[in-house]
């Protein structure tokens, strides 16, 4: 009896060994448990159930944190970055992209091999071989063309064979995507892309997980594993940008009175699912101006009162979808309980559009699929309206005279006026004539009266044409104006000419005074007889004779001019 029990235990253990050894995709990729009805309702075209067995011999499974991950790649670890264009409207496509980030100084070349980058320093000593992994040449490359048992390793984890490569284009990475209890396997290079349709997916956040393997001889080893959350919604994903001309900060949702606000609706539709759908916009600005309905995604609105207003926008469109059951069973169309409130993401007001049982799903599958379902998108914001600076104008520009002119410096006075609130600061930006390249920026606090009249003095370096930008601001607004200013050149010779003119005038005046003095002196001079000056005459005669002898060598030609006066004494 004991031997019989031992045999039975042995048989049970032997029968259980294959079950324990055989791994499934859900054991490798994720441990989320999905109910059977979710698996049936969230079927993805081209995807397989994660209940399939995983070929652990060809694709080994490593637990997170094992030391083997460190040696899975030459020169460091490979990181995988997973992104998606979530959120996605039900019925549209959502795309996932995986990009591999190699260790420093490594990249993928045109043939799919991993090589070292040139002129890139690495912590490791680079060998003479430029390849990190050379998959183009070698014995493994011949297996792609071999259909015998030697190429049996060219298959996915579930045993399906690899697709035939086109030409010499090879893919050396295996990507396995997993979500909603299903998986999709694909070959790729350093990047892989997968798109799925969300027509049958459950609304709400979901998880996408990806594991990446690389070629390693006749097997594959994991190099990276990553997951990301994506969202499926039955609301139209929208975002509204609000802009106002003189608003200082549009992100705080505080705007100015008596200036139009520009509203622009952005619909997140990367798969262009709504391209052929008519979209209507219902605007309610909360200031008792009524409801505006338009087919344009932009609109301007001006608030004329200060205060806080609730802005509401509703976007509506009709999209293709499954038709509702024509005769829903009374047992399935139960009314909601009073304690449960409808979700704000509910886009279809009719409860018959929501599948409530397996039977209604079957009727929907066999019914005509040319129905359209209304989808809605909502945006709400609290807008605050305050007073602000509405307008700035330059009314006068004047040159400031400088006592000592400098050729490289000119001063200009600007008279600036504004409308609206009183500014607390003024900024001046001096730029080139195109108003593109700023040369000088000066900001300073200002104290302005109720008339908002401001005088600003600014210096300019050299002559030429400048673009001057004046900005007046307070806590909520920022108004500006610009003008082109021409600065004339300074005449460096004008001071010298002024000094020379003054000196010449003074010289002429001195000569005139001297001449008048001489004339007056001669006119009023007292007469003195010659006889009383005998001594002086004798002395004068001796001096005259001396001068005559001194001039004789230089003026011989003039001796005959006065022959009768030679050797004769002077007589007056």
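Any Cβ shown, glycine's included, is placed from N, Cα and C.
In Swiss-Prot this protein carries:
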- 251-338: domain 'PKD' (DOMAIN)
- 93: N-linked glycosylation site (CARBOHYD)
- 134: N-linked glycosylation site (CARBOHYD)
- 200: N-linked glycosylation site (CARBOHYD)
- 249: N-linked glycosylation site (CARBOHYD)
- 275: N-linked glycosylation site (CARBOHYD)
- 296: N-linked glycosylation site (CARBOHYD)
- 300: N-linked glycosylation site (CARBOHYD)
- 306: N-linked glycosylation site (CARBOHYD)
- 312: N-linked glycosylation site (CARBOHYD)
- 461: N-linked glycosylation site (CARBOHYD)
- 469: N-linked glycosylation site (CARBOHYD)
- 544: phosphoserine (MOD_RES)
- 321-359: region 'Disordered' (REGION)
- 1-22: signal peptide (SIGNAL)
- 23-500: topological domain 'Extracellular' (TOPO_DOM)
- 522-572: topological domain 'Cytoplasmic' (TOPO_DOM)
- 501-521: transmembrane segment (TRANSMEM)
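On the structure: features taken from Swiss-Prot.
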| residue | record | contacts (Cβ under 8 Å, 6+ apart) |
| --- | --- | --- |
| 93 | N-linked glycosylation site | 195, 196, 197, 198, 271, 273 |
| 134 | N-linked glycosylation site | 113 |
| 249 | N-linked glycosylation site | none |
| 275 | N-linked glycosylation site | 269 |
| 300 | N-linked glycosylation site | 260, 261, 262, 263 |
| 306 | N-linked glycosylation site | 257, 385, 386, 387 |
| 312 | N-linked glycosylation site | 284, 286, 378, 379, 380 |
| 469 | N-linked glycosylation site | 428, 429, 430, 431, 435, 480, 481, 482 |
Treating G and I as helix alongside H, and B as strand alongside E, what does DSSP give for the domain 'PKD' (251-338) in helix, strand and coil?
2 helix, 41 strand, 45 coil
Please identify, from the glycosylation sites 200, 296, 461, the residue with the sparsest Cβ neighbourhood, meaning fewest other Cβ atoms within 10 angstroms.
296
So, three-state DSSP: helix, strand or coil for residue 461 (N-linked glycosylation site)?
coil
I'm trying to understand the geometry here, so how far is the Cα atom of residue 461 (N-linked glycosylation site) from the Cα atom of residue 296 (N-linked glycosylation site), in Å to the nearest whole number?
50
Please report the three-state DSSP label of residue 93 (N-linked glycosylation site).
strand
Rounded to a whole angstrom, what is the C-alpha distance between residue 296 (N-linked glycosylation site) and residue 200 (N-linked glycosylation site)?
31
Arithmetic mean of per-residue pLDDT over the domain 'PKD' (251-338):
86
